[in-house]
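Submitted below is the structure of interest, expressed as structure tokens.
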Amino acid sequence: MLNALYPLFRPALFSMDAEDAHHFTLNNLLRAHRMGLGSCIGNRIAEDPHTVMGVRFPNPVGLAAGLDKDGAYIDGLAALGFGFIEVGTVTPRAQPGNPRPRMFRLPQADALINRMGFNNGGVDAFVANVRASRWKAEGGVLGLNIGKNADTPIERANDDYLYCLERVYPHASYVTVNISSPNTKNLRQLQGASELDSLLSSLKDAQQRLADQHKRYVPLALKIAPDLDADQIGNIGDALVRHKIDGVIATNTTISREAVKGLPHAEEAGGLSGRPVFEASTRVVRALRGVVGDAVPVIGVGGIFGGADARAKIEAGASLVQLYSGLIYRGPALVRECAAALRG
């Protein structure tokens, strides 16, 4: 039902402040789920299992991190038919993020700009929300996305990632390490060769220790930016293989404004997502696959607005795909369309 109604609701949602509409939608989605209306709002999607990173995904279409930063809406989002859901980014301590307004629509380009700044309630509250999720308890595939606090010096970033990994590890199907948001000062420096080597080495040591402690291996994925040249992609790919990282998510938002020049809000600071990032993110997927071969699976995200876009990510070398901005513009019908395009 929601698939048919969303195009009617969208003008009202788009008349609201973007962040207010975001929370309004999530709150009502969760409320409908709790009222037992899941069959009315949900997508029933046929099983199309994919095993990636050693994890069995019921279908290859997931929700990207950022929509549910605190893991508070997992059960409502699960009704939309995703094969997996990624929540976060979470940091060790609660932080408010950047001042509002910090999210902007560019409807002429099917795009969003955000400078949220990892606003979240901290990792302890995050874990409590994850533990309360019925969908997770019933075996849903849940990725937990971790980052660093804004006031943590970049030289001590590893400490924040290790702190979060320690706490989320027992509750995750996989853990994503976000080093590519443009909205935390200097964060993308961690994509540099020496910084990345240090971080990945520390994380792999911790992963092995935690696997021994919990008697369960939880894969690690790295989320990278689209604004990378061939040498940078090569260096990152080599590091992923060398450190035996389990997966890579390509990509985060872009700082480029080339595709939206002259549009309202185009010069707002932050990361641009949506249709304009499709080509850049797909280029990174293809280039990464060329570097890592079959050693590291790629999850493709960025600008997926239809089944053909999802298929293009897979053809470029992705094993799974994730949605975010396309979901805002197209609604939950996009999940079903992408799953159908990738089936078989």
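Note that Cβ sites are derived from N, Cα and C of the backbone, with glycine treated the same way.
Here's the feature list from Swiss-Prot:
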type	residues	note
ACT_SITE	S181	active site, nucleophile
BINDING	A65, G66, L67, D68, K69, T89, N145, N178, K223, T251, G274, G303, Y324, S325	FMN binding site
BINDING	K69, N114, R115, M116, G117, F118, N178, N183, N252, T253	substrate binding site
Using only the residues recorded as binding substrate (K69, N114, R115, M116, G117, F118, N178, N183, N252, T253), report the maximum Cα-Cα distance in Å, whole number please.
16
Would you pick out, from the binding-site residues A65, L67, the residue whose Cβ has the largest number of other Cβ atoms within 10 Å?
A65
Cβ atoms within 10 Å, counted per site: which of K69, R115, K223 has the most, among these binding-site residues?
K223
Quick one: pull the CA-CA distance for L67 (FMN binding site) versus R115 (substrate binding site), whole Å only.
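Here the two Cα atoms lie 13 Å apart.
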Taking the recorded substrate site as K69, N114, R115, M116, G117, F118, N178, N183, N252, T253, identify the other residues of that chain whose CB atom sits within 8 Å of the mean position of the site's CB atoms, giving them in sequence order.
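What remains near the Cβ centre is G66, T89, G97, S181, P182, T184, G270, G271.
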When the Cα-Cα distance from N145 (FMN binding site) is computed for each of the recorded positions R115, G117, N178, S181, N252, which gives the smallest value?
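For N145 (FMN binding site), the closest Cα among R115, G117, N178, S181, N252 is found at N178.
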With FMN as the bound species and A65, G66, L67, D68, K69, T89, N145, N178, K223, T251, G274, G303, Y324, S325 as its recorded binding residues, calculate the greatest Cα-Cα distance and give it in Å as a whole number.
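Between the most distant Cα atoms of the FMN site, 20 Å.
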Spatially, which candidate from the recorded positions R115, G117, N178, S181, N252 is nearest to G274 (FMN binding site), comparing Cα atoms?
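Among R115, G117, N178, S181, N252, N252.
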Round to a whole number and give the Cα-to-Cα distance in Å for the pair the residue listed as 'active site, nucleophile' and N252 (substrate binding site).
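For the residue listed as 'active site, nucleophile' versus N252 (substrate binding site), the Cα atoms are 7 Å apart.
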How many other Cβ atoms sit within 10 Å of the Cβ of G274 (FMN binding site)?
27
